[in-house]
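Notes follow once the structure below has been shown.
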Amino acid sequence: MAVQQRPETGTSRRAFLRHVGVTGGAGAMFATMGALGLAPTAQAASREQAYSAPKSGDFTLTGRGAAKVVVVGGGIAGLATAYELGKAGYDCTVLEARDRTGGRNFTVRGGDSTVDLYGNRQTARFSQGQYLNAGPARLPQWMVTLDYCRELGVPVEVFTNTNADAYLYNESAGMTAPVRYRTAKADVYGYVAELLAKATDKGALDKELTASDQDRLMEFLKDFGDLGDKLTYKGGERRGYTTVPAATGTPGVLLGDVPSASDVFASGVGRYFSFEFGFDQAMLMFQPVGGMDQIPKALTRAIGAHKVRTGAVVSRITQTAGGVTVTYTQGGRTRAVEADYCVGALPPNMLARIPHNLGSGVQSALEAITPQSAGKIGLEYRSRWWELDHKIYGGITETDLDVTHIWHPSYGFHGERGVLVGYYNYDTDADAYAKLTPGEREKRAVAAGVKIYGDKYRTELASSFSHHWRQTPHLEAAWHDTPGGPDDPRYKPLNEPTGRVYFAGDWLSYTDAWQHGAFTSARRAVTKLHARVLSA
Ligand code: PHE
């Protein structure tokens with residue numbers, strides 16, 4: 001049955017659904033509810049029903065009560081652990097070494113200060129409303145992070161991960177000016193389509209495809225590559241214009257000469273296109289309004305700030321006969337928390353340095369997981385020249401320079417100022433920048449940007465702030481490499497509780513380097529811990 005109209009009020013909506021149920025049966029009703037957004041679709045169900053949060057009612061018939069839990073680490077995994085356990089009344093204490101929660105979820109605003117492991121001290125001078133998400137900055141729609149934003153009341157907005165008007169720039173291929181994504185795509189897709197169409201036409205696929213399948217393929221290729229007569233690619237409006245079409249008398253002037261297929265392939269621009277095919281990087285993507293740290297802030301509020309001890313550096317985890325003792329120093333004093341259970345939610349490279357009595361299996365598993373590098377620089381500009389002069393609103397410029405990615409802000413459009421991410425790089429590029437002073441980092445990043453965008457990249461700059469995760473105290477990693485994957489048997493002492501100690505973090509998930517990994521890992525630990533408490 002076709003749904004012609006969306007009933008508006010609650011009563012008429014119920015009546016409408018009853019009607020559908022009567023005439024079409026329960027299956028039709030459920031499908032209609034799905035179409036109306038009232039019942040979960042299969043995909044939403046697989047994401048949300050796999051987890052059910054602990055609740056105080058779970059204890060009603062068991063005669064047992066919630067336990068005391070000490071959570072080591074106030075990043076997303078630790079906060080999610082305390083938040084979820086808190087739903088059932090667990091008494092959680094979160095120990096966080098830094099002066100704020102969130103871990104790698106770090107939003108830099110004017111006045112924020114950091115000191116890296118090399119001793120570089122920086123204070124951000126960003127103006128009011130401007131920020132840099134130094135860590136996580138984009139959320140795919142399928143990740144549970146968005147469910148937490150909904151649940152916690154954190155508003156989200158679109159994050160532009162790909163933009164046809166952003167640039168591609170490969171210096172090593174001899175490019176002296178950037179090319180727009182749309183132009184590069186038109187050319188690469190055009191020539192690939194042309195070559196495949198010609199090969200097909202010559203019978204190269206006769207063994208692979210029937211004649212009618214070849215016809216369908218040809219039809220697709222002509223459309224996909226915008227092919228003209230004789231199956232050739234000749235450019236066209238997909239590449240863009242030097243004068244855009246406007247009123248009568250202004251049909252538009254197409255971008256100049258179409259490069260040869262050889263030049264297009266030599267430029268290497270096609271290597272960036274598959275990024276947006278990734279399950280975790282495809283548009284649309286989202287970001288919290290006002291900065292990614294709205295998530296840990298909301299989690300911390302929901303847990304109760306009094307349950308979170310910041311500046312608390314854990315010095316020992318000791319399993320005792322009936323519980324766990326975690327020792328920490330805070331403001332020069334040594335203290336301890338005694339609890340029934342512990343959840344270790346620090347990065348593995350940090351946990352590996354904390355003395356414990358959990359055995360060599362835990363220690364060697366932690367040491368097998370290696371920390372990786374990434375860095376970002378935020379460049380605040382006095383004007384949004386990328387919008388004014390280049391007509392680029394959000395999105396990412398890809399380069400083969402050591403800055404790697406340049407991000408245009410996905411907030412504050414048409415405002416006076418804006419913060420570009422002048423580099424987002426990994427591994428040796430990130431480490432090379434980390435070794436420079438913040439001033440030298442800025443100089444090097446700006447010199448790279450000038451090659452692509454011209455002088456305003458230097459002359460409009462107001463201030464900068466750079467951040468490198470491998471050199472950040474108490475974290476020392478952007479993400480981790482887990483040889484064999486998180487289910488490898490060697491990580492069993494981390495995936496199964498070791499005595500009364502559980503572990504959680506993105507590094508124990510198939511989505512490391514995403515908050516989704518931290519959230520789902522925390523949910524897994526919480527589920528196991530709660531089941532044990534209920535049956536103990
Ligand atoms: N989540 C991070 C990002 O989106 C790191 C990452 C990059 C993870 C690419 C997977 C793929 O930048």
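Using N, Cα and C of the backbone, Cβ positions are placed for all residues, glycine too.
Among VAL289, VAL314, VAL324, the residue that TrEMBL places alongside GLU96, ALA97, GLY135, PRO136, ALA137, ARG138 at the FAD binding site is VAL314. Here the binding-site residues are PRO136, ALA137, TYR423; the one with the fewest Cβ atoms within 10 Å of its Cβ is ALA137. Cα-Cα distance from GLU96 (FAD binding site) to TYR423 (substrate binding site): 29 Å (rounded to the nearest whole number). Sequence-distant neighbours of GLY135 (FAD binding site) (same chain, six or more apart, CB under 8 Å from its CB) are GLY103, ARG104, ASN105, PHE106, MET292, TRP469, ALA478, listed in sequence order.
For TYR423 (substrate binding site), the nearest of the binding-site residues ALA97, ALA137, ARG138, VAL314 in terms of C-alpha separation is ALA137. According to DSSP, GLU96 (FAD binding site) is assigned to coil rather than to any helix or strand.
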